[in-house]
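*Asks:* If you look up Swiss-Prot, you'll see 5-25, 63-83, 132-152, 170-190, 250-270, 283-303, 329-349, 356-376, 379-399, 416-436, 484-504, 524-544 marked as transmembrane segment, on the strength of sequence analysis.
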Amino acid sequence: MAAQGFLLTASFLLILFVLARPLGVGLARLINDIPLPGTASVERLLWRGLGISTQEMDWKQYLLAILTLNLLGLTVLFLMLLGQNLLPLNPQQLPGLSWHLALNTAISFVTNTNWQSYGGETTLSYFSQMAGLTVQNFLSAATGIAVIFALIRAFTRQNIDTLGNAWMDLVRITLWILLPLALLIALLFIQQGALQNLLPYQSFTSVEGVKQLLPMGPVASQEAIKMLGTNGGGFFNANSSHPFENPSALTNMVQMLAIFLIPAALCFAFGDASGDRRQGQMLLWAMSIIFVVCVAVVMSAEVQGNPHLLKFGTDSSLNMEGKESRFGVLVSSLFAVVTTAASCGAVIAMHDSFTALGGMVPMWLMQIGEVVFGGVGSGLYGMLLFVLLAVFIAGLMIGRTPEYLGKKIDVREMKMTALAILITPTLVLLGTALAMMTETGRSGMLNPGPHGFSEVLYAVSSAANNNGSAFAGLNANTPFWNCLLAFCMFVGRFGVIIPVMAIAGSLVGKKRQPASPGTLPTHGALFVGLLIGTVLLVGALTFIPALALGPVAEHLSLY
């Protein structure tokens with residue numbers, strides 16, 4: 001079993017890096033404001049036709065454009081969900097959503113979280129899924145990538161105050177990166193058996209004589225960008241464990257690769273754009289080491305199974321509860337780590353049914369900010385925040401002014417870095433405390449004791465870090481939970497983007513200093529270790545008390 005797990009993880013990473021390297025080259029061209037081959041004339045027509053100014057923006061203008069797009073998208077999607085019953089492509093005549101569920105869902109998809117307090121096939125029309133959620137899957141992914149483009153330019157440019165043009169970046173990312181890749185993946189899903197139609201739900205009688213209603217819909221087109229954009233919200237309530245979304249072992253592997261493809265490619269692009277490929281490779285090494293260790297822990301926990309079941313002489317020691325039998329324990333464990341290391345949240349197994357330690361690892365990966373590959377754009381700018389913190393700590397130890405890629409890191413950058421890193425832990429801990437202190441919060445818990453606390457902690461961690469997965473034993477479709485999680489999602493997304501853009505605005509005007517004998521190398525094994533240690537230190541200091549009350553206490557109670 002250990003050999004199978006090793007081969008599965010190694011083959012996954014090998015294929016990922018082979019696919020991500022060429023994509024990183026294309027992304028680096030866009031970061032450096034170089035049109036992709038054959039696109040320059042099309043872009044000129046687009047800029048004229050859409051009235052887009054090609055003038056570059058400073059960080060405040062860039063941020064304002066990003067916020068404007070997202071707030072407009074939030075308003076449109078909220079109204080669309082409220083009035084769903086008045087819109088076309090609703091063959092099941094589904095009613096509009098309640099105000100709190102519509103608000104939660106709109107914020108969820110605009111922030112790239114895709115938390116779902118509903119079942120897609122019983123709640124949303126085809127129009128809401130296509131024109132509402134799928135559109136936001138593209139725009140939220142493009143937003144994250146645009147922000148990391150601006151931050152990378154801040155490191156590579158000098159003595160100017162502009163970071164590019166947000167509207168041009170958003171159009172290029174959507175047209176030349178997201179749409180072509182999503183189309184290819186969607187066609188593969190359709191060929192493998194995923195649904196793509198606008199038919200009414202189909203009634204049929206099973207071989208047992210039971211009448212059932214099969215949901216239909218444009219699944220493959222949404223599924224592709226759901227994974228590629230690290231969105232994660234399923235067309236169906238069962239998410240990627242549903243055979244209409246994920247019909248085969250091939251599509252399952254493609255889904256996992258799609259989740260990590262752009263985050264890994266952005267690391268390569270960062271190295272190319274900065275002029276030192278070793279910088280991108282350093283980030284990939286740090287991310288990969290944490291990822292592999294987490295996969296090993298989850299696989300080990302799930303293979304050992306539940307001690308309570310083993311006492312009754314179960315046929316297998318594997319923890320198959322909540323697992324899709326088509327994929328098994330090892331693949332389910334790998335998928336769980338992939339989807340929570342990134343800000344995706346799609347699932348092929350119920351994380352609530354994992355062992356205590358097996359479920360703690362996905363929770364912890366979210367809590368450290370999803371910087372292990374992470375979401376499209378957000379994962380890399382989150383990890384770069386930890387890079388700045390690691391450089392600062394190293395500077396304190398050796399008595400030098402910290403610098404990274406030749407840019408001196410001053411008080412302003414460190415204040416913004418600390419603010420961005422502390423936003424999500426504050427939301428998680430205060431949100432969990434609020435839920436546990438109030439009767440309305442506790443009433444949503446369907447399990448007592450440490451596991452019930454873990455469900456609450458997981459939900460708030462997922463929302464604040466824009467993941468969207470859940471321990472399912474929580475009744476979240478209530479005004480309290482919808483509003484609390486909506487607030488966490490909104491602040492967790494834009495409360496980090498704003499200081500990241502402020503850091504970019506501060507760094508871009510600085511001159512790049514040549515390396516000196518006293519400069520800390522940020523591309524070697526020593527710095528990889530320092531970076532991993534910084535991530536672990538922040539995660540440990542912040543969340544160990546909360547984890548001790550939940551999954552750790554539950555694990556100890558099993559023996």
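Note that Cβ sites are derived from N, Cα and C of the backbone, with glycine treated the same way.
Values in this document were obtained by computation on a predicted structure and should not be read as measured data.
Mind running through what each feature is packed against?
*Replies:* Cβ atoms under 8 Å from those of the transmembrane segment (132-152) belong to residues 27, 30-31, 59, 62, 66, 69-70, 73, 77, 80-81, 105, 109-112, 114, 124, 163-164, 166, 169-170, 173-174, 177-179, 182, 221-222, 225-226, 228-231, 233, 262, 266, 269-270, 273-274, 375-378, 380-381, 384, 497, 500-501, 503-504 of the same chain, restricted to positions at least 6 beyond its ends.
Residues 1, 5, 9, 13, 17, 264, 267-268, 270, 317-319, 329-330, 332-334, 336-337, 341, 354-358, 361-362, 365, 371-373, 380, 383, 387, 525, 528, 531-532, 535 of the same chain lie 6+ residues outside the transmembrane segment (283-303) yet bring a C-beta within less than 8 angstroms of a C-beta in it.
Counting same-chain residues at least six beyond the ends of the transmembrane segment (329-349), those with a Cβ under 8 angstroms from any Cβ of the stretch are 1, 4-5, 8-9, 12, 112-115, 226-227, 230-234, 239-241, 246, 249, 252, 255-256, 259-260, 263, 290-291, 294-295, 298-299, 302-303, 318-320, 322-323, 358, 361-363, 365-366, 370, 372-375, 378-379, 462, 465-469.
A Cβ distance under 8 Å defines the sequence-distant neighbours of the transmembrane segment (356-376), meaning residues of its chain 6+ beyond its ends; these are 112, 141, 144-145, 228-230, 260, 262-264, 266, 287, 290-291, 294, 297-298, 301-302, 319, 333, 336-337, 339-344, 382-383, 385-386, 421, 424-425, 428, 450-451, 454, 457-458, 461-462, 465-467, 469, 471, 535-536, 538-539, 542-543, 547, 550-552, 554-555, 558.
Cβ atoms under 8 Å from those of the transmembrane segment (379-399) belong to residues 147-148, 151, 230, 263, 266-267, 270, 283, 286-287, 342-343, 369-373, 409, 413-414, 417-418, 420-421, 496, 500, 503, 518, 520, 522, 527, 530-531, 533-535, 538 of the same chain, restricted to positions at least 6 beyond its ends.
Nonlocal intrachain contacts for the transmembrane segment (484-504), taken as residues 6+ away from its ends with a CB within less than 8 angstroms of a stretch CB, comprise 59, 62-63, 66-67, 70, 100, 103-104, 107-108, 111-113, 115, 117, 143, 147, 150-151, 153-154, 163, 378, 381-382, 385, 388, 412-413, 416-417, 419-420, 423-424, 427-428, 431, 434-435, 441, 459-460, 463-466, 476.
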*Asks:* Let me spell it out: take the transmembrane segment (5-25), skip the flanking residues so only those 6+ beyond its ends count, and list any with a Cβ under 8 Å from a Cβ in it.
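*Replies:* Sequence-distant neighbours of the transmembrane segment (5-25): 177, 253, 256-257, 260-262, 264-269, 271-272, 280, 284, 288, 291-292, 295-296, 299, 330-331, 333-334.
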*Asks:* Under an 8 Å Cβ to Cβ limit, what residues of the same chain, 6 or more beyond the ends of the transmembrane segment (250-270), are close to it?
*Replies:* 12, 15-17, 19-21, 23-25, 27-28, 31, 141, 145, 148, 152, 177, 181, 185, 188-189, 192, 194, 223-224, 227-230, 240, 277, 279-281, 283-284, 287, 327, 331, 334-335, 338-339, 342, 344, 346, 348, 373-377, 379-380
